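Participant: Swiss-Prot lists G16, M17, S18, G19, G20, V21, D22, S23, M42, G132 with the feature ATP binding site. If you look up Swiss-Prot, you'll see C107 marked as active site, nucleophile. The disulfide bond annotation in Swiss-Prot covers C107-C205 and is backed by sequence analysis. The annotation site 'Interaction with tRNA' is assigned in Swiss-Prot to H133, Q350 on the grounds of sequence analysis. Sequence annotations record features per position, and here Swiss-Prot assigns active site, cysteine persulfide intermediate to C205 based on sequence analysis.
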Amino acid sequence: MTSIEPTHTGKKVIVGMSGGVDSSVSAYLLMQQGYQVEGLFMKNWEEDDNNEYCAAAEDLKDAQAVCDKLGIKLHTVNFAAEYWDNVFEYFLAEYKAGRTPNPDIMCNKEIKFKAFLEFADEILDADYIAMGHYVRRRDNSDGSTQMLRGVDGNKDQSYFLYTLSHEQVARSLFPVGELEKHEVREIAKEMGLITHDKKDSTGICFIGERKFTEFLGTYLPAQPGNIETPEGEVIGTHQGLMYHTLGQRKGLGIGGMKNSNDDPWYVVDKDLERNVLIVGQGGHHPRLMSTGMTVNQLHWVDRTGPVDGCHIAVKTRYRQQDVPCTLTYTDEHTLGVVFDEPVAAVTPGQSAVFYDGEVCLGGGIIDQLIRG
């Protein structure tokens, strides 16, 4: 492996150590660059079953093993109260209102780059924080800092970080954003880090791998109702609108319908007033397609957003191909977006994130869909 010439001697970085390979390699790379590195493990959820407790304990054990191997300190902190108040209650309120939120985005905003940064500043006297996210930062000659997509297009996580402020980006380092995932695993293996072959975590941010329906049902009462076609024919029942999202195909329990073709059924709409789930056949059903949307709760990383009438790219969900679009401001908090071509399964409550080439500009929450 090519050694990196140390260039940042003395600057202190607190790395969010999750017990995964990305944060492990981030800590190693920053040490190679000459930073004074310490780790911080966050506990953000009070586990309520043995499986979750064991998984969290395993993550902490792995984080400690990596820090021991690298010869750095590992601190721990409990942000469970902040997570509940600022992330989880929002998550439940959105589901209750019939929308589909993205808790990972709120978790990054409120916990990883707010509570974590404040703790690193006030308690650990950090110059920077670092996370194992696949994004990059660019420091421009005019003093501004921009957030760029990660080099690994399949792992790029800028969609989840669009709510970061200019100041938060300027205080954060993202070492693995310059690498492909396979390179990160190779570095971890070469360094003998225990996390080199640990599988990536999935599931809700910090809550972990659970059966989502059961988990949500413990916090929100389910309200069963009918499943109907767009024409109003009742063809089944659902256990609760909150368990379904636009474009969903699996788990509908519909099949073998008389007088219907073999095309799969998709969720194409929700009627909140009647508690009815509306389904149609085919992934490009007209009710599933949108020609545009309104976006509110706008946030721009570099403080000033794109100009009115500009033509840029948007993602309405993670890992989606860029969608070319034109923007029109209704006011400073709301944006009208018209897609160049209709887009399937645009979902209220999810985030719309805008890009100018490699630069993540910011985004907002999808509010209303424009159809036809």
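Glycine too: its Cβ is placed from the backbone N, Cα and C atoms.
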Participant: Non-local Cβ contacts of S18 (ATP binding site) (under 8 Å, 6 or more apart, same chain)?
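Facilitator: Within the chain, S18 (ATP binding site) has Cβ neighbours under 8 Å at F41, M42, D59, A63, G132, S201.
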Participant: Between the recorded positions C107, H133, C205, Q350, which lies closest to D22 (ATP binding site), Cα to Cα?
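Facilitator: Going through C107, H133, C205, Q350 one by one, the Cα closest to that of D22 (ATP binding site) is H133.
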Participant: Quick one: Cα separation, Q350 (site 'Interaction with tRNA') versus the residue listed as 'active site, nucleophile', in Å?
Facilitator: 14
Participant: Reported as an integer number of Å, what is the Cα distance between H133 (site 'Interaction with tRNA') and G16 (ATP binding site)?
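Facilitator: It is 10 Å, counting Cα to Cα.
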Participant: Write out the long-range same-chain contacts of C205 (disulfide bond), meaning residues 6 or more apart in sequence whose Cβ is under 8 Å from its Cβ.
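Facilitator: For C205 (disulfide bond), the qualifying residues are V87, P103, D104, C107, N108.
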Participant: When DSSP states are folded down to helix, strand and coil, where does the residue listed as 'active site, nucleophile' land?
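Facilitator: The three-state answer is helix.
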Participant: In this structure, which of the binding-site residues G16, G20 has the fewest other Cβ atoms within 10 Å of its Cβ?
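Facilitator: With the binding-site residues G16, G20, fewest surrounding Cβ atoms within 10 Å: G20.
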